[in-house]
Amino acid sequence: LTGVLDDCLCDIESIDDFNTFKIFPKIQKLQERDYFRYYKVNLKRPCPFWADDGHCSIKDCHVEPCPESKIPVGIKAGSSNKYSKAANNSKELEDCEQANKLGAVNSTLSNQSKEAFIDWARYDDSQDHFCELDDERSPDAQYVDLLLNPERYTGYKGPSAWRVWNSIYEENCFKPRSVYRPLNPLAPSRGESFYTWLEGLCLEKRVFYKLISGLHASINLHLCANYLLEETWGKPRWGANVKEFTRRFDPAETKGEGPRRLKNLYFLYLIELRALSKVAPYFERAVVDLYTGNGHEDAQSKALLLDIFRDTKSFHMHFDEKSMFAGDKKGAKSLKEEFRLHFKNISRIMDCVGCDKCRLWGKLQTQGLGTALKILFSEKEIQSLPENSPSKGFQLTRQEIVALVNAFGR
């Protein structure tokens with residue numbers, strides 16, 4: 001993949017160089033730190049759009065709640081030790097032992113971590129938040145250690161997975177009425193090239209489509225790179241599946257569309273990179289800690305994050321979001337709102353993913369991108385933040401911060 005990306009003055013080689021030598025090693029280190037490795041997620045929310053019959057055919061894709069001795073099923077933010085009263089019977093113990101294979105989310109946490117979370121939640125509660133995420137206070141929400149649950153191919157595919165992507169593309173990508181072919185790039189096309197209709201859309205609608213396509217490419221790449229190659233004697237072997245990668249991205253196999261999908265991944269990278277450089281002033285204030293209760297580690301995490309911000313600012317070919325929503329004020333405002341609602345809808349569709357591990361990473365990456373967009377559209381508020389007090393105008397919750405960094409890391 002080479003050359004210039006559409007809709008920005010940037011070439012792929014520059015992004016590769018910048019990412020490989022400057023950003024990626026630091027982001028990887030940051031993702032391993034306590035503040036960023038634990039993500040709170042509700043994997044039990046029902047699919048709001050159709051009866052959820054699409055559970056992964058592999059028995060281990062679904063997670064049985066483990067007995068309370070092993071994990072707090074839901075730590076209600078701000079309240080001390082409230083755990084759900086899971087019955088501690090032997091069947092549940094067996095299921096729990098079974099549950100750390102393939103698509104299952106490994107939800108074991110140390111007692112030390114559990115106590116820390118209660119402390120973090122109290123700290124988070126004392127900061128006045130800008131937006132309340134519907135998941136965090138649910139008794140079903142649980143902390144997941146992202147390092148123990150890498151994103152990879154678990155065997156979840158077929159009609160259920162297809163339906164999720166289909167509804168994301170068809171219902172949420174501003175399709176012009178004149179286009180009859182499906183937007184899902186994996187759908188069989190008749191005639192018209194996939195990208196010809198895209199050229200006729202305004203910049204904002206093109207950007208929205210490319211972000212979703214980039215997210216799709218990103219997720220598909222992770223699945224190809226960490227694929228269940230075989231399972232012998234109950235021991236799974238994971239690795240790169242070049243054949244699967246070729247099927248999804250090779251120009252010959254995709255009627256020339258594969259490279260465009262990969263370019264959209266670079267575009268997504270640029271958008272999230274831009275958001276990181278824009279949000280730096282929020283974190284540069286002394287009043288913002290990456291609080292875990294361990295002062296030494298917190299200071300190191302913040303220093304590393306600020307170092308990454310310095311790198312993002314040194315990159316000279318950012319995407320210029322000022323060109324978006326720049327038309328007449330009324331039209332721009334309604335388009336921005338439409339953008340926001342489409343995006344919110346996509347995050348709800350992630351609750352229809354049948355495999356828990358896929359759902360976890362789908363939700364995290366969607367929230368990360370949503371946070372990036374929120375930052376890009378809040379530049380004035382970020383610039384006018386008070387130095388020494390929590391702000392009313394612009395706030396990020398710990399969830400949003402963790403999602404932003406991990407989504408960019410992906």
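Placement of Cβ uses the backbone N, Cα and C atoms for every residue, glycine included.
All TrEMBL annotations are machine predictions without curation.
Listed features, source TrEMBL:
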type	residues	note
DISULFID	CYS56-CYS61	disulfide bond
BINDING	ARG152, THR154, TRP165, SER213, HIS216, ARG248	FAD binding site
ACT_SITE	CYS355	active site
DISULFID	CYS355-CYS358	disulfide bond
ACT_SITE	CYS358	active site
Quick one: among the recorded positions CYS355, CYS358, which has the most Cβ atoms sitting within 10 Å of its own Cβ?
CYS355
If you count the other Cβ atoms within 10 Å of each Cβ, which of the binding-site residues THR154, SER213 comes out on top?
SER213
Binding-site residues TRP165, SER213, HIS216, ARG248: which have a Cα within 10 Å of CYS355 (active site)?
none
Tell me the Cα distance separating CYS358 (disulfide bond) from ARG248 (FAD binding site), rounded to the nearest angstrom.
18
Alpha-carbon distance [CYS358 (disulfide bond); THR154 (FAD binding site)] in Å:
8
About how far apart, in whole Å, are the alpha carbons (Cα) of TRP165 (FAD binding site) and CYS358 (disulfide bond)?
13
Protein Cβ atoms within 10 Å of TRP165 (FAD binding site), excluding its own:
20
If the FAD binders are ARG152, THR154, TRP165, SER213, HIS216, ARG248 per the record, what's the largest distance between their Cα atoms, in Å?
21
Within 10 Å of the Cβ of ARG248 (FAD binding site), how many other Cβ atoms can you find? Include all protein chains, please.
20
